[in-house]
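Q: Submitted below is the structure of interest, expressed as structure tokens.
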Amino acid sequence: MRLKLTLIQERRKESLPVSTNYYICAAIYRALERSSPEFSGLMHRRGYSSPEGRRKFKLFTFSNLNVPERKIEGTRLISFSKKISLMISSPVEDFLQHLVTGLFLDGYFFIEHARFRKGDIQTLPDPEFSETMEFSMLSPMVVSVMRPDRSKEFLKYNDERLPTVVLKNLLAKYQAIHGHSFEGDVSTFAIRFSEKYLTRRQGKVEKLIKIHEGRAEETHIKAILCPFTITAPIELIKVGYDCGFGEKNSVGFGMVKA
């Protein structure tokens with residue numbers, strides 16, 4: 001299920017970090033805690049895991065912040081908008097119910113120090129799912145593999161390993177959601193990035209996102225922002241649509257629209 005959250009800006013301008021991922025994630029957890037400290041704590045500490053328990057997922061994602069009137073000043077995004085919006089998605093009903101309850105209990109949504117009043121919360125309909133679908137990205141997709149030294153290698157859009165890594169991630173999320181392995185045929189799985197978009201962008205579709213920019217804990221994440229076509233069983237496509245494709249979904253990566 002997918003929600004669209006409209007936020008009302010009461011002051012003439014608000015200053016936000018260019019990379020809002022961490023702060024939006026923190027605001028979501030604050031809303032969950034207002035509704036249920038127990039549920040928020042479980043989500044933050046454990047999340048959901050496959051039956052083997054090897055991998056844990058939060059099973060939600062959110063879009064980039066939609067700020068219609070803005071300008072960039074260094075590492076800051078200055079909003080002059082009366083309204084901004086954000087989409088949040090999850091297959092977990094309890095998560096969405098606690099999120100909405102928490103937002104109603106406190107009418108404000110803080111992104112770092114910027115304050116927004118809660119506006120409308122809309123439930124968005126799902127698209128008609130099929131085994132081949134075209135998606136554009138509402139937030140960039142992160143795909144990585146572990147190097148022998150345990151550091152992460154972020155994959156580029158044209159890395160031949162990428163489809164296999166994306167598929168394994170979808171299968172693990174499916175297990176975490178349903179409690180059992182996916183038993184369908186995945187032999188035709190494919191993911192193809194838009195050649196038209198790649199040509200227009202001259203192949204420059206990688207983004208470097210800085211989390212906690214300017215702080216000691218600053219983290220750099222390389223992600224892909226490019227429309228793609230995916231061929232897969234409908235059940236796995238729905239997992240990606242609901243939870244996000246790739247990794248780091250709960251800090252705002254991998255959300256798509258059809």
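Backbone N, Cα and C atoms are what each Cβ position is placed from, and that goes for glycine too.
Bear in mind that TrEMBL entries carry predicted annotations, made automatically and left uncurated.
Pulled from TrEMBL, these are the listed features:
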type	residues	note
ACT_SITE	Tyr29	active site, proton acceptor
ACT_SITE	His44	active site, proton donor
SITE	Lys58	site 'Transition state stabilizer'
DOMAIN	125-257	domain 'CRISPR associated protein Cas6 C-terminal'
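Burial and contacts for the listed features, if you can.
A: Spatially close to Tyr29 (active site, proton acceptor) yet at least six residues away along the chain are Ser40, Met43, His44, judged by Cβ distances under 8 angstroms. Look at Tyr29 (active site, proton acceptor): DSSP puts it in a helix.
A simple way to gauge crowding: the CB of His44 (active site, proton donor) has 14 other CB atoms within 10 angstroms, across all the protein chains here. DSSP assigns His44 (active site, proton donor) to a helical segment in the three-state reduction.
Annotation note: Lys58 (site 'Transition state stabilizer') sits in a coil segment as assigned by DSSP. Within the same chain, residues at least 6 positions away in sequence whose Cβ sits under 8 Å from that of Lys58 (site 'Transition state stabilizer') are Met43, Gly47, Tyr48, Asn249, Ser250.
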Q: Please give the average pLDDT for the domain 'CRISPR associated protein Cas6 C-terminal' (125-257) in this predicted model.
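A: Summarising the domain 'CRISPR associated protein Cas6 C-terminal' (125-257) by its mean pLDDT gives 95.
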